[in-house]
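Listed in TrEMBL for this protein:
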type	residues	note
DOMAIN	A:25-475	domain 'Amidase'
ACT_SITE	A:Lys78	active site, charge relay system
ACT_SITE	A:Ser158	active site, charge relay system
ACT_SITE	A:Ser182	active site, acyl-ester intermediate
Amino acid sequence: MTELNKLTIADARDGMRKGDFTSSEITEACLTEIDGAGALNAFVHGTADIAREQATAADARIKAGDAPDMCGIPLGIKDLFCTKGVPSQAASRILEGFKPEYESTITSQLFDAGSVMLGKLNMDEFAMGSSNETSVYGDVVNPWRREGSDAKITPGGSSGGSASAVAADLCLAATGTDTGGSIRQPAAFTGITGIKPTYGRCSRWGVVAFASSLDQAGPMTKTVRDSAIMLQAMSGHDAKDSTSADLAVPDFEAALTGDIRGKKIGIPKEYHMDGMPAEIEALWANGREMLKDAGAEIVDISLPHTKYALPAYYVIAPAEASSNLARYDGVRYGHRATLGAGDAIDDMYEKTRAEGFGAEVQRRVMVGTYVLSAGFYDAYYNRARRVRTLIKQDFENVFNAGVDAILTPATPSSAFGLGEMKNADPVQMYLNDVFTVTVNMAGLPGVAVPAGLDSQGLPLGLQLIGRPWEEGDLLNHAYVLEKAAGFVSKPGKWW
Amino acid sequence: MSIDKDTAARVAKLARIKVEDDALPALAQEFNAILGFIEELNEVDVEGVEPMTSVTPQRLKRRVDGVTDGNQQEAVLKNAPDAREGFFAVPKVVE
């Protein structure tokens, strides 16, 4: 038998329907792989019993016919998603022991479609990080290594566990979330595909909130087709999330025609950053050629406020985080500090939050508190929101000029070594998101597609940015790029 | 704008995060690095630009203001670090 854990969603779906193998068999193959992959630290809470039960039910459903596409597909679920009765900690100490009494809308939809949950996946604490080094569970390790080196490499963040698990074939696909690049950057670092849909496409209900105006969930998969299939199942209006869009969800897989003739692809000049490695420039140039060869028209465009997206993000995201994370007070759920005699309620809050939040989360909550505090609200927060309006207008202008999609590098470098950035100032780490964060600021869909290897043998990704609500068209562009790039490399198994 | 130790202490207090005195200078320094980066926003001409309130141009949906859920005391208290007699328990708030 082929190694079933290595299947794509599409092949698993088709094979299960033909009776070539069952969901239970694929699920067992994945559980065995997960057991052997402790060194990657991707899965942090196993749910083997739930998985086996769901797989059995899925097999019955497939046998009866008329099962949805995601039926029987074993998935990893990012720890940010609340899953009923299963630890959901957002990789934070402050949610230690928390077992939600409810199920997030997205996981409900996936389970209703018959998908199988293998376990919860490691991530940066509260999704704040770009290297998966802020997790209470410890660092996630990228299955990829530099050629001739056994140094541990970051899978990126914050959806590092999801990326590592999919790249290492521990699951067929995984859920991720993306506030500033947390799906696309780790996807690029691990040679997989990940899409952040338009803001409002997927419900945020039951997903632990980081920055509510920026957070969106999306799939992390082995292929573009798999992203289309899984996104379909994750999308849709939810009355429990007032920002979720009441729009019909088109058939994303049907949009993958492979035909982009006559489409206009914008190349933003502001994404040529000083000091960007020549390899990234070359990759980007190759991407342009591939889309041109497929019949698209390549046009130079300008997104003049690009440079300000990251600083504006580092006002808005911490501001929203300081507000969202105020709920972790040691009263209703999670960790509460041991109190001394005479400690009052403020001591309880302060000690609980000091013990429960890691350094990066504390830093961002405090930065957010500062920019929202009396006297600074206008200077920082309102100014950042004005800049955000301008960033969105930049995109609207190019789309109004007829551009169908925008091509950029996904990240300014390939994956770096774990620990290599430990002594860098926080801003250096933030620069990882320089190409992805604009998309969150403008609420647009963006997809990262693996497009090549660098000289060290590490994967590199390209990003395509689409018009709002046009994920199907965007994925079709990604599909063309995927076929042209022909990226088939996999990490050699060392774990 | 430079953040000193006292400002760092005030922000920590506002955020309800206990920071020991000896950790304040390093924290102030980190704030300054981040705020220095944010200062770049001052280069942008934002005159007459509306601050963004919603990234997608949709009106928030209205719904009937009715009860849709309830009678879940047990579930609500299930994860509480200290729940007694159907309530969340906290240290004494008033003397």
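One is the number of the first residue shown, and numbering goes on along the chain from there.
Every residue gets a Cβ built from N, Cα and C, even glycine.
Location within the structure of each feature annotated in TrEMBL.
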residue  : record                               : DSSP class
A:Lys78  : active site, charge relay system     : strand
A:Ser158 : active site, charge relay system     : coil
A:Ser182 : active site, acyl-ester intermediate : coil
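Less than 8 angstroms from the CB of A:Ser182 (active site, acyl-ester intermediate) sit A:Asp124, A:Ala127, A:Ser130, A:Gly157, A:Ser158, A:Ser159, A:Gly176, each of them six or more residues away in the same chain. The most densely surrounded of the active-site residues A:Lys78, A:Ser158 is A:Ser158 (count of other Cβ atoms within 10 A of its Cβ).
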